[in-house]
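Undergrad: When I checked TrEMBL for this same protein, it listed these features:
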COMPBIAS  8-24  compositional bias 'Basic and acidic residues'
DOMAIN    114-556  domain 'Major facilitator superfamily (MFS) profile'
REGION    1-35  region 'Disordered'
TRANSMEM  109-127  transmembrane segment
TRANSMEM  155-175  transmembrane segment
TRANSMEM  187-205  transmembrane segment
TRANSMEM  250-268  transmembrane segment
TRANSMEM  280-302  transmembrane segment
TRANSMEM  371-392  transmembrane segment
TRANSMEM  404-426  transmembrane segment
TRANSMEM  438-457  transmembrane segment
TRANSMEM  464-481  transmembrane segment
TRANSMEM  501-521  transmembrane segment
TRANSMEM  533-552  transmembrane segment
Amino acid sequence: MSAPQEKPYIEKRDDGSISMHEDTASQDDSVQNRNAKLANPLAHISHEQLLEDAKVFAETHGLEDLVLEFQKGALVAQDPSQFEKLSQLDDEDKAIFRRELTHKWDQPYMLYYLVILCSMAAAVQGMDESVINGANLFFAPQFGIDVKTNSNNQWLLGLVNSAPYLCCAVLGCWLTDPLNRFLGRRGTIFLTALFSFLTCIWQGVTNSWEHLFVARFVLGLGIGPKSSTVPVYAAECAPPAIRGALVMMWQTWTAFGIMIGTVMDLAFYKVSDPPHITGLNWRLMLGSAGVPALVICLQVFFCPESPRWYISKGRYREAYNSLARLRRHPIQAARDLYYIHVLLQAEEGLIRNRNRFMELFTVPRNRRATLASFIVMFMQQFCGINAIAYYSSNIFSEANFSNLQALLASWGFGMINWIFAFPAIWTIDTFGRRNLLLTTFPLMAIFLLLAGFAFWIPDQKAQVGVVALGIYLFSMAYSPGEGPVPFTYSAEAFPLYVRDIGMSFATAVLWFFNFVVALTFPRLIGAFKPQGAFGWFAGWNVIGFIAILLFVPETKALSLEELDQVFSVPSHTHAAYQLKALPHNIKKYIFRMNVPDIPPLYEHEGFIGEKTYGPGGSGHA
């Protein structure tokens, strides 16, 4: 027998307090895992007390006219799987909750309007990143940056390209928390979109590489806070069953923006210079990304504000009105609002006299979420995708494409990157975030090696075809996995009291290593040649697979708040369990062997396994 194993879980007492327990129980060596008991904070409250609590809540928060809705909603939130047995619900109420389960995409118009706005914000992000791809071919020689013969110029081109991401990492992302606290989600999106619009125009009128560097650096003030805020905004407004799909729209439409950026590069490729203007084509390429940013500025305040942000300000009536616009029926909005309120009450004491940034690392639950978010954000850059997104025209030119052929091939890369993100809309909440990553990372490593080794093919036509094939296959593997998962994962991994600063940290990590990749890749190509550069990123994909296997737990099918319990499992326990599960899963799913199931890592009332269910409130899956 092994030593006694501690099992951490959270319990909600009848008096409303929360306590952390560590059970000690002997377990067989064949188990050696620690179960996280995922308890609903309302689970142990009697119906009579719950009805009274909901009544008091409504009356003390200016919602007296909705007492009955809040009482019914509280009962459903207590155990959403048992609503059919609640005598307090009439047939119409039960029909509403049945339809919520059977028609998860039947949502109000306003929710889809919000999704379209967030998708457009993501597209702006993608265009900001990719229009430089084609512009590289023109502004570099105009500003005297010859990368083919001068290694210093390779660093210089990387510096100009990477300027926005340097700003994001050191300044932009860290503005997310104060901007969100003072302006709300919508105000932050408006301000950052305005910055994007103005700086895109500014890039188009620069007259030296130094001037362009400054303009692109300031662009980071529009990119950084927006990339932190939009996924959180979507997560906080999304209903349970489709939260993951809606949040991952960020990456799907970022991919669309990357593709549109390459379309703009092609559209302006042959624009000739009028008198007194040199390089009009690349100036139009860079400026084109400002147009959709202006549209966002004009539209964002037609969407409801995040109900969680309203609650954090004590504006409960406005929070309810916001949820009512995002749900089909008032009873659903009341249920979600009450459940959010109960959970935030439990967290309220945590934010007093605390250094929230330090608690990302000092509180074990937060530290595990920070580690997991760091891994997925770091690997989104070091998987190699943005080296291709920013420099694909240069890469294809190295493979003997003409400039126009290189831009057309880059457009093909962008199109594939976008189209193959769509399967994740259906799989991210079924197959799961973690499984998508573990499936696609080995494929990405193989396809990068294919593209890199193709540069050794002596026949020029064959080389062109195999390089393009390797890059396109890599994009197909990336798009449904490491493309959408990092922002979805990071937006839901942190508890609410550190969510803004946690998301700021995660996106700062992403943009810093984005800066590193954009800065170093031209020199990497020069020093290692394409074969070595692609092999370098293939190796990082192998490392990413191992890190995700050991330290990134699954988050699908859990409420944003119930993830606290998932991250209560120590990292060494999670890693040990996954090392044992790996050979079992290879035998079962790859070799199709008939092997007995191993005990699950997580348990929850009514379900055994890594999939868990929580009350149907905002932020639930």
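The backbone N, Cα and C atoms fix where each Cβ goes, and this holds for glycine too.
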Undergrad: Going through 109-127, 404-426, 438-457, 464-481, 501-521 one by one, which has the most CB pairs that fall under 8 Å from the transmembrane segment (187-205)?
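TA: The stretch with the most contacts is 109-127.
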Undergrad: With Cβ distances under 8 Å as the criterion, find the stretch in 280-302, 438-457, 501-521 that has the most pairs with the transmembrane segment (533-552).
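TA: Maximum Cβ contact count belongs to 438-457.
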Undergrad: What is the pLDDT of the domain 'Major facilitator superfamily (MFS) profile' (114-556) when averaged and given as a whole number?
TA: 88
Undergrad: Can you tell me which of 109-127, 155-175, 250-268, 371-392, 438-457 gets the most C-beta pairs within less than 8 Å of the transmembrane segment (501-521)?
TA: 155-175
Undergrad: For the transmembrane segment (250-268), find every same-chain residue at least 6 residues outside the stretch whose CB is under 8 Å from a CB in it, and list them.
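TA: Beyond its ends, the transmembrane segment (250-268) has Cβ neighbours at 118-131, 133-135, 230-231, 234, 280-282, 284-285, 288-289, 292, 389, 393, 407-408, 410-411, 413-415, 417-418, 421-422, 424-425, 479, 483-488.
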Undergrad: Which residues of the same chain, at least 6 past either end of the transmembrane segment (109-127), have a Cβ under 8 Å from a Cβ in it?
TA: 189, 193, 196, 223, 226-227, 230, 233-234, 237-239, 246, 249-261, 264, 288-289, 292-293, 295-296, 299-300, 302-304, 325-326
Undergrad: Who are the long-range neighbours of the transmembrane segment (280-302) in its own chain, taking Cβ under 8 Å and residues 6 or more past its ends?
TA: 113, 117, 120-121, 123-124, 127-128, 131-132, 134-135, 137-139, 142, 186, 189-190, 193-194, 196-201, 203-205, 222, 257, 261, 264-265, 268-274
Undergrad: The transmembrane segment (155-175): which same-chain residues, six or more beyond its ends, come within Cβ distance under 8 Å?
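TA: The answer is 128, 132, 136, 140, 145, 147, 209, 212-214, 216-225, 227-228, 390-391, 504-505, 507-509, 511-512, 514-523.
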Undergrad: What residues elsewhere in the chain lie close to the transmembrane segment (438-457), defined as a C-beta under 8 angstroms and at least 6 residues from its ends?
TA: 379, 383-384, 398-399, 463, 466-467, 469-471, 473-474, 477-478, 480-482, 529-535, 537-539, 541-542, 544-545, 548-549
